[in-house]
Amino acid sequence: MTINRREFIKANAIAAAAAVAGVSVPAVASNLITSSDITKLKWDKAACRFCGTGCSVNVGVMDGKVVATHGDIKSPVNKGLSCVKGYFLSKIMYGKDRLTTPLLRMTNGKYDKEGEFTPISWDQAFNVMAEKANDALKKDGPEALGMFGSGQWTVQEGYAAVKLMKAGFRTNNIDPNARHCMASAVGGFMRTFGIDEPMGCYDDLEAADAFVLWGSNMAEMHPILWTRLTDRRLSAPHVKVAVLSTFEHRSFDLADNGMIFTPQTDLAILNYIANYIIQTGRVNKDFVSKHTNFRLGETDIGYGLRPEHPLEQKAKNNGKTKGSSTPIDFDEYAKFVSTYTVESVSKLSGVPEHKLKELAEMYADPKIKVTSFWTMGFNQHTRGVWANNLVYNIHLLTGKISTPGNSPFSLTGQPSACGTAREVGTFSHRLPADMVVKNPKHRAIAEKIWDLPEGTIPAKPGYHAVLQNRMLKDGKLNFYWVQCNNNMQAAANINEEAYPGYRNPKNFIVVSDPYPTVTAQAADLILPTAMWVEKEGMYGNAERRTQSWYQMVEAPEGAKSDMWQLVEFSKRFKVEDVWPEELIAKKPEVRGKTLFDVLYKDASVGKFPLSEIPEDRLNDESRDFGFYIQKGLFEEYASFGRGHAHDLAPYDRYHKERGLRWPVVNGKETKWRFKEGSDPYCKPGSDWDFYGKPDGRAVIFALPYEPAAESPDEEYDLWLSTGRVLEHWHSGSMTQRVPELYKAMPDALVYMHPDDAKKRNMRRGDLVKLISRRGEVQTRVETRGRNKPPVGLVYMPWFDASRLVNKVTLDATDPLSKETDYKKCAIKIVKV
């Protein structure tokens, strides 16, 4: 039998569809009956490299190269389906400009900040890194060192980085790019429930009667979940979908109630819904009385800008504990939200009254099971934590939580923003399993697990992502290592903060990346990095599902994984180089040892021999280090959460499964947390138990609407919102190197309302400048297509390295989560 490429693609699609439908697969669609070339493929499972959905894909390898991928029919997440990015996964590793040797800026054979990138060996790279790190340590101590990591790190990479920075170099100046996307979600969970990550799971997609999207374009950003939601909507006539956004996008195609609101007024809409529930007598009084407390939050907390910024000076609560709150009762809460009437909120938000009432009734009706989804529209918000708290309020007031179909659900954007950034604790203030560096008991637990002297881990939280850029610019952060992200393209206010910091002569910047990204080109040293299935690893997705994969192919010669780089670099430092004598005196047996010895080889990380790796499996990192390092890192990390409601299964089990949702207790995963009968950590007889709080009660917060940091005025008369598109992922450093995806969406355009274009004498395709108080960027006008902004707002995606929209954005952050607001700033547009 012969089969051409087109038939093969069609056959895969048939197989996936048949699997979902539960019907038999035609012979032409079976992987077992193919052409002779295709039967040479070796297939294995892996978690997708892109978004936080956590699809499983089958990866086809031939002649040492990934040549095909398709949706994994055994996956409970995607059930054989794949989005367009996942379909082209096989091409992301084979861009023509893949890096294979370290590159150092040099002039006449010596390092020079203004020199040209010159190939050097790995030994030379580590030598200059060690020299620069030691110089910074001797001059200004551990606070002069920093690292910016990623929600794309594997679990093991993130854990290795946390140990190296917080235990080895004794600095908390490590933060992930998840600070830009998930920090507000973390803050919301911790404030309301005292514990992080969603209580629901993707099974809610088949159980809910209604879905509400808050600042989430699932149709493009989470297309596989959108497929499941669409199937539920179209197969069950009673199911309804509401979509709220500041502009119309593809998710509105399915909306029964689509609402365009004025930026920042989602806060007022959320309070109106709470008021409606109370005024119509639909509060679940039994649930509320048994399982919740009420608190009034601090207000007017500023915008996370530099302290000297006029907006920070103006904030009445500037300088106080911005996340503090005081107890109130239900009546006081009801009075607080009573001012958010349908009339006033409609006027403020621009949403018609009947649409607001329809939305509120959906939540209020006790017969309707509601799942709320949100992503960056909520989180990238100067009041992002508040927005998260306020949507929880609605679910708590009605008791619509932690049962099938009733979930407030924060969706993640990166493959392991949950599994690595949040669960491992790669944030500047966190440790694994929701522990924090400020808590002495938590530090003691970490020091015990890591077998460190008491006092090794510093108590002061480190510099968060935005503050890292400011400290680089100010010359206070001098040795800086960036891994697995493209922050020079992703960070807000590039012109004024990010770029000046990278090019500050006082600083030495290292960037680890497979490709010469914008960030890499701003660095002093570039390290070539292995990608995805060129290494063994694990990711954790948005529904608490941890997944693993084996190494399937060799990286290009010279490219090394992020984990290998971190652990190998640790060999360059003896304990005496980085720890004070009084600390070493508490554990004299470490004297003379390297950080590699203390943190990895001689720790519990190093106790799993190479013989535990299956003989037929590649594992370059472990064979370099002499022990099964991925298993060792995972098992040590997992010890933080076992018995503390973050339980993970034994490492080897994950290789046999399509992931497991934690907590995994007695071998069984957990679908819905905080509900007795589903969550093993709930106390018997509790019904619901929000055990993250000492009294088992979740908190309903009274928090007001407050305006955005920057709004349009006479000169800068337009709102700018940024985001993504279906075809590209984040900065496009992978997807723009896939020819098919690049051709489908080659350039980032600015989407405008036709009336705004006409007013400025602009037409579709015109070259224009977007200008803010901080910078400008050129692009072309689009007045048609998938994104339809209202009058007064424009939308521009940020995937295009040739059109850096973050030159114009404002680096305002949520003062609680320190997450950047990329959705709201003021600009003007002029023709070029």
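Glycine residues also receive a Cβ, built from the backbone N, Cα and C atoms like all the rest.
Model, not experiment: these values are computed from the prediction.
In the record from Swiss-Prot, residues Cys48, Cys51, Cys55 bind [4Fe-4S] cluster; the candidate from Cys83, Cys201 listed for the same site is Cys83.
Of all the binding-site residues in the record (Cys48, Cys51, Cys55, Trp798), the one with the smallest CA separation from Glu248 (Mo-bis(molybdopterin guanine dinucleotide) binding site) is Trp798.
Using CA atoms as reference points, the binding-site residues Lys85, Met376, Lys535, Val725, Trp798 were checked against Cys55 ([4Fe-4S] cluster binding site), and the closest is Lys85.
Taking Cβ-Cβ distances under 8 Å and a sequence gap of 6 or more within the same chain, the neighbours of Glu220 (Mo-bis(molybdopterin guanine dinucleotide) binding site) are His249, Arg250, Ser251, Arg724, Val725, Leu726, Arg786. Counting in whole angstrom, Lys85 (Mo-bis(molybdopterin guanine dinucleotide) binding site) lies 9 from Cys48 ([4Fe-4S] cluster binding site) by their C-alpha atoms. In sequence order, Gly413, Gln414, Asn486, Ala490, Arg724, Phe799 are the residues of the chain that are 6 or more apart from His730 (Mo-bis(molybdopterin guanine dinucleotide) binding site) and have a CB within less than 8 Å of its CB.
In the three-state DSSP scheme, Glu248 (Mo-bis(molybdopterin guanine dinucleotide) binding site) falls into the strand class. Ranking the binding-site residues Cys48, Cys51, Cys83, Trp798 by the distance of their Cα atoms from the Cα of Lys535 (Mo-bis(molybdopterin guanine dinucleotide) binding site) places Cys48 first.
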